[in-house]
Amino acid sequence: MGCYSRTTRCRYGTGTGYHTVPGTCKASLQIQKDLARSFTAYNPFDCFDQINEPICGRKQMKRTREEDDAIEQQDTPPGSFSKKLQQWRALEVNELFRLNQSVWESCQTPNQIEQVTIQIQQEIARCNDLYATEHGTLLVFGDNDNNLLGLPMIDEYLDTITPTVLPNVDRVRSVSLGGLHTAALTVDGDVYVWGVADEGALGYSATSTDDIMPQLVPNLRNILQVKTGDSQTLFLNTQGQVLMCGMIRSSIDEKYHYPAEGRSCRGSNATPVPIRMPGNQKVLRIETGNASNFAAAVLQDGSVVTFGFGEKGELARSRDIAAPEANGEFNLTEALQAMTEAQVLQHFLTPAPARFAGPVPFPRKEVLSLACGSNHLLVIARNRGGGIPTLYSSGQNSSGQLGLPQEIESVHELTLVREHVGLVAAGPYHSYIVDEGGHLMYACGQNSYAQLGLGHSKSPQFGWQPVAFPEPVLLMKVAAGGSHGMALDANNTLYTWGFNTSGATGHHRAANGEKGGDLLRPTKLNLRSSKKILDFGGGGQHSTVVLSTRDFEN
């Protein structure tokens, strides 16, 4: 069903002209409400069971798990996956029209309409990547050591600061950047990977780690989402199943991975392995960070589970791993050292529900979005059935990355930080949020390289600090690299800032003219293209942008 741009022509026949905020006509507003409601009440995986059946007026037909497995193993002709995505989107829209044709008479004030519409836009955007069928090419820039950009180093003086098209990688709809590797998801459900391969993070056993060019992960199809971590890669497929390859490292420098049944969990694994979720639930969304050794997943019921190593509390379930000490703190590193391999698998590597701080029983939460840093977790959630989108955080706070004003070393449960939050992103030791309206951005945490975009490089910053843009913005997405940041405005303008020695911001010079100098504030990046920006991301010291094959239209 796609992501509605925030400035668009009315699609439903009852409005005229362009709206500053879409949905100011009744029909458009009601449809957008219904679309947003569908993402919380209507399970997207239900659509996968009806590829060839019109949904209107029909009772849903369910397949068995065995039938699902058999279908998943069938060969998928090139291009057919993108057609399935289009069909799934159409099925949801048809169902919404059928269910809601008689409820377009609601009337609200312009201010209420604007607020509700923007919230709906953000909810749609959160789920849009599951169904996006628009695709394009990749621009890469920054550090190309270890072949991070995927560019052949024919010339040792190759300009890797100016955004450059990555050859032989096309039909891309989203991208994810790890510390030393990158993954690009195509509209056909395939995944290109490149970068450092020595820990299995690329999903195959590489014969050489010196010159790993972009190539498809073998024997992997029908992928809806891909996320890259420090040395691990996660894949979400159309069955709602998560697979992982690579390695996650503990604080005592031990290497582990999620194992195939009956195998050891020590060391690394180059073959993507399915991860069993609590109650065998399907997964709606996955997340890990470019410096993370843990991951999080949103389940079918809207809850969040975490897995990996979280000795600083980033798993938000320390109480389920070890008993607190006399002072109330948790020493998970000591607990880890005393564990057997089977216990490490049980307590750390196996997904389990994250805890929200508060009285028991705590109102059940519905997770809308999440982000992972090196040792911290950020979650946007609301009470089940509706409520204010609220930011919660857990993990290490030594640099203020949790958004808490106090200098607390670590937090072991998801703790309420701020209400009315629409977007979130996490770097290794810094964090970004955007308010519900999309106009205001805030940052906190480490700022040694101006990665917070505050106009200075004073570090650390406890509590949320406002980020100033050169002109008013309506932000659609933010991303955090290792020590730099990126943000996309609704008018298709991309801003970058922060550490720039390796060119990860795409700028040759800082505002003061210093070559390779850090950018202290968000600065417009000229991509020399009229194409629509579909996605973007920042890694350790490199960045990528996905440009559509179509021009951007206001």
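Quick reminder: no glycine exception, Cβ is built from N, Cα and C everywhere.
Straight from TrEMBL, the features:
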DOMAIN    138-544  domain 'RCC1-like'
REGION    60-81  region 'Disordered'
REPEAT    136-188  repeat 'RCC1'
REPEAT    189-239  repeat 'RCC1'
REPEAT    302-383  repeat 'RCC1'
REPEAT    389-437  repeat 'RCC1'
REPEAT    439-491  repeat 'RCC1'
REPEAT    492-549  repeat 'RCC1'
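Counted with DSSP, the repeat 'RCC1' (189-239) comes out as 0 helix, 19 strand, 32 coil.
Ranked by the number of CB pairs under 8 Å to the repeat 'RCC1' (136-188), the listed stretches 302-383, 389-437, 439-491, 492-549 are led by 492-549. For the repeat 'RCC1' (389-437), the DSSP counts in helix, strand and coil order read 0 helix, 29 strand, 20 coil.
Mean per-residue pLDDT, taken over the repeat 'RCC1' (189-239), amounts to 88. Among the recorded stretches 189-239, 302-383, 492-549, the one sharing the largest number of Cβ pairs closer than 8 Å with the repeat 'RCC1' (389-437) is 302-383.
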